[in-house]
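> Copied straight from TrEMBL:
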TRANSMEM  12-30  transmembrane segment
TRANSMEM  36-54  transmembrane segment
TRANSMEM  66-94  transmembrane segment
TRANSMEM  100-120  transmembrane segment
TRANSMEM  132-148  transmembrane segment
TRANSMEM  168-186  transmembrane segment
TRANSMEM  198-218  transmembrane segment
Amino acid sequence: MNLSRAYKDYRIAAIVTALFYAVGIAGHIYQPALPLMIALTPWVLLIFGALVILQVNPQPQRRALLWIGGTYLFTFVMEALGVATGLIFGGYVYGDSLGIQLFQVPVVIGFNWTIIVLALSGEIFRLVRNPITGGLLAGLGAVLFDWIMEPAAISLDYWHWDQGGIPLQNYLAWFGIAALCSWVYGRLRIQTESRLGILYVLIQLIFFVALRAAAVQFP
């Protein structure tokens, strides 16, 4: 791909993503718009997640597609087992805010897992080559992401913990799952062409920080 064209596409995608999430922050804070914002949540995750995949892998590599599909399936199964048994993340249930569910798990949740790990891995493996080191760093990054996200996600009815508080087990599971998926990414030597993924994760973090600061609550 022509470098100037790639940069232009990245810049447009980045601006659209940032503007859309800025509107999302305002819409979540403005209470009359909150129900609409929540109804749009799964579609926003799906559309912008797909945009990230198309940007970072514009000429699909077979290994990358296998990793994306495998990571989605693995993380969705972990979530389904987690909800059913409480043995992976701790006891929790999903609310209705994330849309259509299968086995009591929103179908979009594995997709968002995949995007987060893809973004972290794409950035980390620009700097390190060892799959174990990269996997561990991605695991830590995923835990930080979840730690920032959890309070806002709970308040928006994404999910709820049985005991009210967020168990340490949840963060350990996030670390292990993300580290394993990122290790596989490193072993497959997947190459990404755009940094939109890590920018998207940072925009999501800003979104959750803003909602926490505004103390937004599910209506």
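Just so it is clear, glycine is given a Cβ too, placed from its N, Cα and C backbone atoms.
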> Near the transmembrane segment (168-186), which same-chain residues lie under 8 Å Cβ to Cβ, leaving out any that are not at least 6 residues past its ends?
67, 70-71, 74-75, 78, 82, 88-90, 92, 113, 116-118, 120-121, 124-125, 129-132, 134-143, 146-147, 150, 161
> I'm a bit unsure how to read this: which one of 36-54, 66-94, 198-218 has the highest number of Cβ pairs shorter than 8 Å with the transmembrane segment (132-148)?
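Highest pair count goes to 198-218.
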